[in-house]
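Engineer: Take this structure first; my questions come after.
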Ligand code: KIV
């Protein structure tokens, strides 16, 4: 049965019918991997708006308010210019639109790298402003002290290793990582360092498959793959990519729909009906009461 939403005018919150399940928790996500095995892989998608969250929520375990919103929503050239305020605004919208999934908000570039204290201040701001349950940050062993600092102070952290898009200016592009022995070893040791520091889950992005599998087997917390392996403990995609909103499809994306095509055809019909005065009809106009 599909979910419908009723606007509660006193809270401005759209309440779902039927009432969806209770919201999952970070410990429940962490506990999905037991003795190295995740029986049912974790489902994670990006969400940036309340309506998008409403549509995705019941199907997902985790909604990620990714800093990919820089490119997807704002048309920026990379995630580097994304600000804490952007993440806070979109994070709050996604929390308002969801009832079931754990909402994780990305820490944007420049908001956490300088010190664990800087990271705590930024992460606390995001959790207070949004009501989200956790943050995600990019980087491996070098970020482990920050992950420990936050986790020990009440802020659950999702790690992110392999291809880390915020480091595009150092990496020189978005190619897959882990092709050399040194890079492969670093990805696995980065994942282990984050796991030991207390990360509740780790995104493994754009990594050659055997290394994604080795990293997954090396850590006790769930790994979530994107361009990694079906043997990760879960998967994430940018929702707009998998829905077919963009012409450019990265190799690791499966396009499940052609929403761009649906929008193009629908808007063409609307434009044609406006120009021919076929819209609006009597059904869409107000007439004086008889
Ligand atoms: O920002 C994002 O959307 C992400 C995912 C692609 C993992 O970090």
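Glycine too: its Cβ is placed from the backbone N, Cα and C atoms.
Unlike curated records, TrEMBL annotations are generated automatically.
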Engineer: Based on TrEMBL, name the residue from 85, 138, 183 that is recorded for the same Mg(2+) site as 67, 106.
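Structural biologist: According to TrEMBL, the candidate sharing the Mg(2+) site with 67, 106 is 138.
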Engineer: What's the most sparsely packed of the binding-site residues 67, 106, 138, counting other C-beta atoms within 10 A?
Structural biologist: 138
Engineer: When you average the Cβ positions of 67, 68, 106, 136 for the 3-methyl-2-oxobutanoate site, which other residues in that chain have a Cβ within 8 Å of that mean position?
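Structural biologist: Apart from 67, 68, 106, 136, the close residues are 46, 64, 65, 66, 69, 79, 82, 87, 105, 107, 108.
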Engineer: Whole-number answer please: how many Å between the C-alpha atoms of residue 136 (3-methyl-2-oxobutanoate binding site) and residue 106 (Mg(2+) binding site)?
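Structural biologist: Given the Cα positions, residue 136 (3-methyl-2-oxobutanoate binding site) is 5 Å from residue 106 (Mg(2+) binding site).
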Engineer: If one measures from the C-alpha of residue 106 (Mg(2+) binding site) to the C-alpha of residue 68 (3-methyl-2-oxobutanoate binding site), what distance in angstrom results, rounded to a whole number?
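Structural biologist: Spelling it out, the Cα of residue 106 (Mg(2+) binding site) and the Cα of residue 68 (3-methyl-2-oxobutanoate binding site) are 9 Å apart.
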